[in-house]
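Working notes, beginning with the structure itself.
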Amino acid sequence: MKKILLTGFVPFLDNPINPTEEIVQGLHKKSVNGWEVVGEVLPVDFHVTGDHLVELIHKVQPSAIISLGLAAGRNRITPERIAINCNDGPVDNQGYKPDGEKIISDGPDGYFSSLPIKKMVKELENNGIPAKISNTAGAYLCNHVMYRALHEIEQQKLDIFSGFIHIPASHKLALTNNIPSFAQKDLQRAIEICIGCLD
């Protein structure tokens, strides 16, 4: 059975939970549409997260990678189109604040997702789940891991589909914030649908 590496993140900033962590834990070792899910929760740390992801790619040897991130405030599932070679944003969980430096000093300006993002959006909408392609993954850890995975695949000429999907807040996370939210089970179902779009 083909393997898919599914990653999420631990809680960060002022978020007490991270629904991507729950999705990854919920799908770990499960079979989804012929794919064996290998789930991994990543730290929110600019200095170690990218290297850890690269190590996982070579250890797991997946045929596909979907990385997940929380975009609290968005009101739909948003597969990302592009990752840019830039670290920026608020502090990570170790207190480090990037200031626009490159992720890879001699790397290209950006990489496009190799996931079937249009198909994913269509299938999500066909299942009654709001979805839209996003043209910016930001410059925080979400963009960082998307870029690092795609860069490693390009440099090593690996035959791996890879990309990133941002999800809205879960209801539990929205209890203390006035933001759009989904039921956790619907967020997980959305990712299962996205996995089902892979050939």
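A Cβ is built for glycine as well, from the same backbone N, Cα and C atoms used for every other residue.
Feature list (source: Swiss-Prot):
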ACT_SITE  Glu80  active site
ACT_SITE  Cys142  active site
ACT_SITE  His166  active site
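Annotated features taken from Swiss-Prot, shown on the structure.
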| residue | record | CB count, 10 Å |
| --- | --- | --- |
| Glu80 | active site | 25 |
| Cys142 | active site | 24 |
| His166 | active site | 22 |
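Between the alpha carbons (Cα) of Glu80 (active site) and His166 (active site) lies a span of roughly 7 Å.
The two recorded residues, Cys142 (active site) and His166 (active site), show a Cα separation of 8 Å.
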